Amino acid sequence: MARGMTSLLAALLVISSALQPGASEPLRVGLSKSRAPHPAIRNEHRVPLHHFKVRLSMSNDSNGGAATEVPVVKAGKFGNFSYYVEPILNLANLQYYGPITVGSPEQALTVQFDTGSSDLWVPRTMYDANASTTSSVSSLVKMLDYGKGAVFGNVTNDRVCLGLSNELCIPGQNLLVAKAQRDLSMRFFDGIMGLAWPGLSRTGTTVLEHLREVMDYPLISFSLTDDPIFTMSLGSTVTFGAIEEDNYRTGTLTWSPVVGNLWWSIELGVEVISPRRDKDSTNLVNSSILAPTAASPLPLGKQLAALDTGTSYITVPRELYVPLLTALLPEDVLMTCTVLLPGGFLVCPCDAQMSAGTLVFRVQGMRYSVGPADYFTMPTPQNECMIELQMSPDGLPIILGDTFLKKHYTIYDAKQKQVGIAVSAYGSVYGDLDGSRSSMPIDGPVDENSGSLYRWAGVVLVGMMLVLALGYLVPWFIHRFSSRSALSRPLLERE
């Protein structure tokens, strides 16, 4: 077994992928979602971990080898300001995107709102600069690289409006009009709107810089719902210019200063909570109810982490990946997992959740958790789940992608250069119905009665939906059958 564990650690070490001036009214763009197994599980070559051979050249393999890795507008009020709600779509919990318009007259597109990049680009097949009276096309050609894909085209300047309500517009925004792309065929949005800091920009003045100039409150807040019970009514949202207290749990908001001028990066600590067993030592108790004394800090000191809405999962640096993964999953469980190639995705039997630990991030004294039900994907027909934890390419910080963001309300304050993190008001309520999740920051012993409160809230909500459905269907059936003609009834019922 020791030899197998050595092979496992060696294998894990090579798993990698590399506004109109004066407009100060907040704008809220909504998001909705769909769910599906990760596409990588459908078409893959898999290798058992204990048979996975180490190839030093894997990290440099760029030829596909083992290392390659409705709009509904609503209105709202925030203080003395108005804001507008529009939906943003979510595909299989992998991509969140929403509407914008470019040009005069407006040409509508969908873009991914990406806090991990700084440039705006749209495809030339969806945007015609020649049809816009406000466009200015330059001869400057740029390529934007997104790690797993790239786009190439001319830099253009035109009017850009966020959402479809034209309430928040930038009269002259630089954007790249892509005429060629590489390895982005799986995306379902038209382009990407980067919302990170100017240090990453290749096309000039960024959307974030314009927002800082034209908005009284240059804030961007994301509320990404994960659970289908909320998708039907609330959906996910990105709000420009406001903090919506209804979207997070009271008392859970923490602010942390941004480090550097590239990403929305903050300092944090990383801990792991192992699942607890009951008195009989046979049944695992869900880690979400553990006291913080059960958390084990990893001996790596403070880490830099970037909050990135454009990344689907959580990625960690090479030196942290192996100790983190082996702390989350026992050795015997890890040996039942396989590696999907290319890409290096780790797939385990879904039953492994029962013995998996909880990942905890400590931010300014508060702890925010990501449990097994959060980092295990939905099961395939073969009852396999992908682990939403990957190795970062060298030189990158921890990246907190949608796996983390779906559980937490995040605020990106461009004026004070800080990030706010709070527990989502939505995702945890549904998850707590089966006791599989808890988004509460572990800042002290957790009150188990609080979990019951949310479980009952979810039960009441589901019950109300059933009552409403029955209240509609029962009268309909009564009316339908009572209105049948006498000729259609049995002979004995005729007069």
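One-based numbering along the chain as shown.
Yeah, the Cβs are placed from backbone N, Cα and C, and that goes for glycine too.
What TrEMBL says about a protein is an automatic prediction, not a curated fact.
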Statement: Disulfide partner of CYS350 per TrEMBL, picked from CYS337, CYS348, CYS385, is CYS385
Query: Which site among CYS350, CYS385 has the most other CB atoms no more than 10 Å from its CB, taking these as disulfide-bonded residues?
result: CYS385
Message: My understanding is the cutoff is Cβ-Cβ under 8 Å with a sequence separation of 6 or more in the same chain; which residues meet that for ASP114 (active site)?
response: ILE192, MET193, GLY194, LEU195, ALA196, ASP308, THR309, GLY310
- line: In this predicted model, the domain 'Peptidase A1' (96-422) has a mean pLDDT of 85
